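One structure is given below, encoded as structure tokens.
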Amino acid sequence: MELLDWSLISSTIRMVTPILLAALGGALCARVGIFNVGLEGLVLVGAFSAIVGNHFTGSLFLAVLFAALVCVLFSWLFAYMTIGLRANEIVVGVAINFLALGLTTFALRAIFGVKGAFYDKEMAGLPKLDIPVIGDIPVLGDIFSGHSVLVYLAFLAAILLYLFFYRTVAGFRVLAVGLNPVAARSLGLKVTGLQVLAISMCGVLCGLAGAQLSLGQVTMFTEGMTAGRGFIALVAMMMGQSHPLGILASSFLFGLMDALSIRLQGFSLPTQFTSMLPYLLTIVAMFFVKEKSRAGSNQQSSR
Amino acid sequence: MAAVRELCKSLVQPILAVVIGLLTGAVVIAAVGESVIGTYQEMWKGAFGSFYFFTSTLARATPIMLIALGLALAFRAGVFNMGAEGQMVLGAVSAALVAIYLPGPGVVKMLAGLVAGIAAGGLWSLLAGYMEAKFRIPLLISTLLFNYIAVLFASYLVTEPFRDRSGSAALAQTVMLDKSVWLPKLFAGMSVHAGFFFAIAAALILFWVIRYTPFGYEVKMLGQNPFFARYGGINQIKVMLAGMFASGGLAGLAGTVEVLGSHYRFVDGALTVPNFAWTGMMATLLAGSHPIGIVFTSILLAAFQTGAMGVERNTEVPLELASVIQAVLILFISARFSYDWWKKRKAKGGETHGAA
């Protein structure tokens, strides 16, 4: 196996999808002034409920819908705690992650009676979409064709979100809330409503991210299968400065590292070092993005 | 009288949160069709039912307590150290390797192991602090990322160069420590070990530091109002770095006592699977970063976990019941203490600030 070839790009696109979706969700929250550390937990819940939905309905469409719905409910918990009860969003985010890990593992045993992982041979994964004309072109076909619907949806979401933020009135309102909630409120904007809406949308996106993880790539659920991707998404969001296209670029970087680390395992490198790659790269990348990201939106560092 | 009333007032919210947590647990138990009362009885028995189970709870509380104390110091300084897991694992693997490969008598090896564990955890944490101070890389993110790197690196050390190849090949682990290096048990045949004393001592020392030393005052200033601290002539960066080192060092010590006192070797995953780090964070939050309070909240959370093991042994309810209860608990606790903090902020009209 070659280290670099066109199928690497193709697997990068698959890997990038959950990160991109979650990061866009995080960006929506960041744009209304809420720093959502709970992405990891939300994606995990999405991954699990997608499997549950698929198992009980047998319909992939309903499964994805169910994942999004459950994630919205879960994100309302986050919204209620942070906006309603004014709890510290970081603490709530951490708790959400914990709750997601506990609940999914618990439900895995309660619903399927298994520990560790659930796999069902009967269960179908998300279908691969072959694009008519492009699919037949040699290199382009390998890269752009044959992904699940959610992959295309993720890239579409990035573009839509960009148009939403910078081309629509509602988008400007959202940005205004994030920049200065008090001023936005004095203009008569429904700050709380917009915040809840953003968090709900974040839930939908995280649900899709989870569905792509559990149904798009492997058709199974394992405990804690997000493996830090939610946190990577958080970093991708910060690196992309909550700008949809910036996030697209930074998510791509992480997806590439993810794909590369799997490929490198075929070589004689110890797996621990290859798995370390995305995290190391993230840290290196943060040396270059620090200042602007915190001026751009209302997110803070720990101090 | 006023002091008693103050104490009662500060206890109301945690107790309320515990009650809500238990109620949520009851709903979950009922959802899987088990008896709520019976399950909680098993939980109580598993945690405190006999002297043996009680000491197991204390043994489990030990690393949680140490990590929580470290985090409490960081939180008090207004620093979100999310990297306890990596700091703990790196401390544990360093302690194990030093205690195994350093030549010398047992006591020397044990002490060297303790020092190495604290130093490794502390320096790893300090690196994140340094990156924040020097390059403005948010600690919240860097410490999280450092977890993965530390855990993977430790895992590499015991699967490749330092692996025990004599025994069963299934587990990635170092060789057994020499008996002379082991931390003594407090009671023969029971699992609680001398590390528990370290944790209690650390709690008392931290209480003293926070209350009576200039450093404690500086930490408090920095955490409550960084702007005032700056005008007050406090070297913010120095205090932050010292706080990070102490907080990481305590996490490293937590891993070290687990290695020297209960596993007697570094086993890959033995410290990450029980989720000591995040439980420690919850213990801190539950206690409102109060060192003496942490002693009790750590034992409480450990009791949930050992109790849940009893539940799993004797009923059909899965172990993860404990993490569900804990997460609910923390959600309601967070609502409380940041609410106070938010009110203070609002009154000052200051900008939002990311720490509790």
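Any Cβ shown, glycine's included, is placed from N, Cα and C.
TrEMBL lists B:12-32, B:52-75, B:87-104, B:110-130, B:137-158, B:186-210, B:239-257, B:277-305, B:317-339 with the feature transmembrane segment.
Among the listed stretches B:12-32, B:52-75, B:110-130, B:239-257, the one sharing the most Cβ pairs under 8 Å with the transmembrane segment (B:277-305) is B:52-75. Ranked by Cβ pairs under 8 Å to the transmembrane segment (B:87-104), the stretches B:12-32, B:52-75, B:239-257 are led by B:239-257. Per-stretch counts of Cβ pairs under 8 Å to the transmembrane segment (B:186-210) identify B:52-75 as the leading one among B:12-32, B:52-75, B:110-130, B:137-158. Sequence-remote contacts of a segment are chain residues at least 6 beyond its ends whose Cβ falls under 8 Å from one of its Cβ atoms, and for the transmembrane segment (B:12-32) they are 39-40, 286-287, 297, 300, 316-318, 321, 324-326, 328-330, 332-333, 336-337.
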